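**Student:** This structure is in structure tokens; I'll ask about it shortly.
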Amino acid sequence: MFTSTGSNGFYKAPLSKSLLLVPSAISILLTLLFQHYQKFFAYNLQAVKEDFQIWRLVCGRTICLDLKDTFCSSLLIYNFRIFERRYGSRKFSSFLLGTWMLSALFDLLLVEITQYIFGITINSLPSGFLGPVFALFVPFYSSIPRVQVTQVLGHFSITNKSLVYILGLQLLTSGSYVWILALSGLISGICYNSSILKVHRILCVPRWVAKIFSWTLEPVFSSAEPTNEVRVGMGATVDIQRQQRMELLDRQIMMSQVAQMRRQRQQQGGMINWNRLFPPLRHRHNANYQDHHPSEQGIHPPTEVSEEQVARLMEMGFSRGDALEALRASNNDLNVATNFLLQH
């Protein structure tokens, strides 16, 4: 529920759906029916370093052998699917591939550092797609806005991101050396997102590979576009239910306004006037909706827009004109602008 598109299932996120279904199914089969094959999916560092069994990196760093890790990582992938919608499947897969490769390197380095400093010899690590999952916490922390949902005992804030952090903590404490995978994943996520290192330009999925997977796998794992009717009242508290209703009301209002403006644009030409769409969100000062309308003097958009944010929106496939209008109308909030450009 951490974004306004959180309830749309796997729409526009076929890679996330495949990462949730396929490894989870294999993990369950290996645990229940084919236990004698589990040895081929063990993340054995000794075999990698001494016997150069590189295939163990692929098998050991893809499939979880612990069902608790499978469950937690699947829930995290489900929550992180918003990044595939934002970036597109090719850019999202490039992030996963790049952080997978970087975290494999950092795994080996951290194991050697641990042995050198503490004298602890580590021959194997927990298996699974854990490095890239922990790496996704980097864009999650930096780009997903934090919205307070409620408070516990009047002091502890519960936000829209709390559940994801709790899942990450549960995954972190599930094994003895998971901290190595978590640390290597976070470091690889920081390196891949760094504008200085330019890793994303080197470790990326080629366009022709992305097209092949788009033709072959996307029809299998694609999901239908969700309807406008979204169930409400699923929150655990009255405050969460109230916010869900507010988000649903906002989406319905925005979608009706967008449909009206698009009809006008088809008749008259020109761009959508995004300034009429964003004021309800821009003037929400907290998680609880304020029952008043903003004055006309308070809704003027800023005159300057960050070119870097415009470029990021254009990388997602939006036109420069719509990107400029969305950023101006959202007061230069890239997350709000992206969400509405994706939904409409």
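The backbone N, Cα and C atoms fix where each Cβ goes, and this holds for glycine too.
OK, TrEMBL features for this one:
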type	residues	note
DOMAIN	304-344	domain 'UBA'
TRANSMEM	20-37	transmembrane segment
TRANSMEM	95-118	transmembrane segment
TRANSMEM	124-142	transmembrane segment
TRANSMEM	163-187	transmembrane segment
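For each feature listed, report its degree of burial, its nearest neighbours and the pertinent distances within the displayed model.
**Tutor:** Nonlocal intrachain contacts for the transmembrane segment (20-37), taken as residues 6+ away from its ends with a CB within less than 8 angstroms of a stretch CB, comprise 62-65, 67, 70, 74, 77-78, 128-129, 221.
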**Student:** Tell me, roughly as an integer, the mean pLDDT over the domain 'UBA' (304-344).
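**Tutor:** In the predicted model, the domain 'UBA' (304-344) has a mean pLDDT of 74.
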